[in-house]
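Novice: Encoded as structure tokens, here's the structure I'll be asking about.
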Amino acid sequence: MTGAAGDAEARSPDAATPLTPPDGGVRAWMVLAASFLCNGLLFGIINTYGVIYVYLLKDLEDAKVSDAASKASLVGSLCIGTTFLVSPIAGVLTDRWGIRLTTAIGGVLATAGMLLSSFVTDNVYALYATYGVLFGVGASLTYTPSLVVLGHYFKRFLGVANGLVAAGSSVFSVLLPYPLEWLLQRFGFSGSLLLLAAMMSLIIGCAMLFKPLMPPPRSTSSQTDLLNLNIWKRRKYVIWALAIPTALFGYFVPYVHMVKYVSTRFEGEDGKILILFIGLASGVGRLVFGRIADIPRVDRILLQQISFFCIGVATMLLTVTDSFTVMKVLALVMGLFDGCFISLLGPIAFQLCGQRGATQAIGCLLGLCSVPLTVGPFIAGLLFDHLGSYRLPFLLAGVPPVVCSVIMFAVRCVPDDPVKEDAAEDDLMVKSAPLEPLADKFGNGAAFKSNGNAHGGHQGGHANGGPATPAPGTWVRMQSLLVMEERLCVRVALLATPRSPGRMQSYSLLA
């Protein structure tokens, strides 16, 4: 194979070697802007459900519906719970169908869910299916690929890219509460949902920009493996993925119940300002901690531990202060560390599972998070129905994040897994070459000979053509005297350091 032919193979869709993320350029920034808009639209609406909750709760109470608070809160918690529950499937579908198609289907379903909800606003059980489940499925099919696509365009600045995209939900969480309040007053619940459905349709256009740089590998077996079980062999990931859901039993409670909590505790004060503060600080946190996460020596998991501890403590302090000013400060603290937690999800998944494993790693993590995100706000609403106070629900909501921050210390007790960083290296790829006599004879039975000269690149052998120790990071050909009429070309990556940055770019092509 000539050097030119090798380059052609590397550029072909079937090549196993991933392309280098450009870390910039017009296309990369357009993809980032589209991801920003997708996340902003979806989680801006999800995070401001507390505004809709007040109107839905009032309608249910006027209709004399029992347990109105828990039923109204279940609509919003089902939405975010479904979003994360479907994420493992979304990760598989992203690998199977591609990033662009999966996002487009998600946009269609999210639009349909919001549109159908506008026709059933008087039936809370129908809203469970349309707003809670259908919109949630669409949000999931959009959210997962919108994170995964960033890994195709950014590597060195992946933390910053994730922080910017994650800031989309914060920006929309800041911008939406008061316009949404105006829409509800001006057009009612049904009319507001129609307008939100129109906003959701923008996701379909964003999907067209999500062109992956690294096409999914084609399976050579008769069956295509849909599930990447290798991520569950990585012990650090397993501990991390099981610890995060622990924190989320209380995480979404303030987003659903904060507006109502303020109205019951601070008469005359506007609870929407706290949601605005959380969103504003969260946006700052995502940008700041996203940049910090790109510093090589920074421990990303430790940052997440700190963020969970601070979120939990701040949530519990909401129950003991009688000052609305202190409430605003606590909301800012919660938002800042919420931004830290969110912006680190993608980078940690890529760190622990590699580029090809990150898709399903993120999906599985979010799927595990679905149960606590659904159950937490519902239990808080149920407690309010029976106690008539939010003091105990908010106090209990602060405990799980603190517990999670302690559990995550176990990640440090586990040694690094001796696995490859990327799935492209997971398997030893063997090719059979045409039958021909061996040109080289070795007296020791088997030896290595460098291939650098085949490409005019790295010179791996001695000047006299004799065997030499190949340089780390070089593709080599392994030949054996045991096979005299057949040559096996085996791709072997000799790694100087298993986790050396940029090592994928240092491999030469197989001769």
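Here the Cβ of each residue, glycine as well, is placed from N, Cα and C on the backbone.
Predicted automatically and left uncurated, TrEMBL annotations should be read as such.
According to TrEMBL, the feature domain 'Major facilitator superfamily (MFS) profile' maps to 28-416. According to TrEMBL, the feature transmembrane segment maps to 29-52, 72-94, 101-120, 126-150, 157-176, 188-210, 237-253, 273-289, 301-320, 326-350, 362-384, 390-411.
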Novice: For the domain 'Major facilitator superfamily (MFS) profile' (28-416), provide the mean pLDDT of the predicted model.
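Specialist: A mean pLDDT of 86 is what the model gives the domain 'Major facilitator superfamily (MFS) profile' (28-416).
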Novice: Residues of the same chain, at least six outside the transmembrane segment (72-94), with any C-beta under 8 angstroms of its C-beta?
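Specialist: Distal contacts: 42, 46, 49-50, 52-53, 56-57, 60, 102, 106, 124, 127-128, 131-133, 135-137, 139-141, 143-145, 148, 226-227, 252, 255-257, 359-371, 373-378, 380-381.
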Novice: Short question: most Cβ pairs under 8 Å with the transmembrane segment (362-384), which of 126-150, 273-289, 301-320?
Specialist: 126-150
Novice: Could you check if the transmembrane segment (326-350) is in contact with the transmembrane segment (390-411), meaning 3+ Cβ pairs under 8 Å among residue pairs at least 6 apart in sequence?
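Specialist: As far as Cβ distances go (cut-off 8 Å, pairs 6 or more apart), the transmembrane segment (326-350) and the transmembrane segment (390-411) do not touch.
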